[in-house]
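Visitor: First the structure, which I've put down as structure tokens, then a few questions once you've had a look.
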Amino acid sequence: MGDLNIQVNTAPLVNVRVTSNLNNFTAEKRFDRSLTIYDLKCRLELVTGASVGSMTLEVLDTEDRPVCNLTNDEALLGSYIIEENYRIHVTDSTKRIGEFEDTSNVEKFELAEEEYDTRNDTARAFLKRNKLGKFNEEEQEKKRKEKEEQEREENEKAATITIGSRCEVKLQGEPTRRGEVLFVGKVHFKPGIWVGVRYDEPLGKNDGSIGDKRYFEAPMKYGGFTRPAFCEVGDFPPIDYDEEDEI
């Protein structure tokens with residue numbers, strides 16, 4: 001038999017994860033194995049903000065176990081053991097963590113409202129020219145009428161709900177709840193009219209208060225607020241959940 005020629009083929013590109021001591025994110029990158037370590041550092045400078053001259057590179061496997069350090073700037077990336085989804089951790093001790101994420105000291109450009117309104121190269125000018133968004137009078141009028149109709153229907157429904165009435169609350173994706181109406185009116189935490197209910201079972205979210213404002217009295221988890229559209233008043237006796245579970 002003749003001699004066997006054995007060749008080992010390695011993919012020219014490798015996908016790695018890049019992390020750094022300067023920030024908290026992980027970047028997914030693909031590098032050519034023919035890159036020198038110096039060229040790799042130049043690219044990692046753009047990704048992490050670390051300086052080429054002061055960064056060190058450590059390779060870790062998919063289980064975050066140390067594999068090697070990339071110390072020779074003239075060596076090729078492919079000369080090191082780096083497999084798919086390995087992690088390259090960049091360390092630059094000359095900079096502090098979050099230095100490139102902190103924008104509190106960055107001077108912000110602000111344009112006066114009057115000056116912004118006179119420019120022709122802004123998003124607002126585009127919307128005006130094409131009568132889009134809030135500059136579409138017909139669409140805005142339609143939305144205004146729809147809102148007025150919704151408020152009218154809500155007020156009419158709320159007028160049929162009286163304090164002290166038994167009620168049933170039905171919301172999509174939630175179990176039917178029964179209880180007693182203890183509040184009908186406007187609240188401080190949401191616009192519109194709301195109905196406060198003391199439920200028969202601990203299926204609520206509060207005790208009749210939101211923050212420092214109390215609207216009615218109820219044990220914790222027995223109180224809740226709902227829109228009038230989801231509340232029906234009537235002769236609704238308490239639900240016997242034990243009976244419902246019987247076959």
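Cβ coordinates are placed from backbone N, Cα and C, and glycine is handled just like the others.
Marked as compositional bias 'Basic and acidic residues' by TrEMBL: 137-157. Here TrEMBL flags 185-227 as domain 'CAP-Gly'. What TrEMBL lists as region 'Disordered' is 137-159.
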Visitor: Give residue numbers and ranges for long-range contacts of the compositional bias 'Basic and acidic residues' (137-157): same chain, 6 or more residues beyond its ends, CB-CB under 8 A.
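Guide: Sequence-remote neighbours of the compositional bias 'Basic and acidic residues' (137-157) are 131, 192-193, 227-229.
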Visitor: For the domain 'CAP-Gly' (185-227), would you mind checking the mean pLDDT of the predicted model?
Guide: 95
Visitor: Run through the region 'Disordered' (137-159) and tell me, per DSSP, how many residues are helix, strand and coil.
Guide: 23 helix, 0 strand, 0 coil
Visitor: Let's see if you can do this one: DSSP helix, strand and coil counts over the domain 'CAP-Gly' (185-227), in that order.
Guide: 0 helix, 18 strand, 25 coil
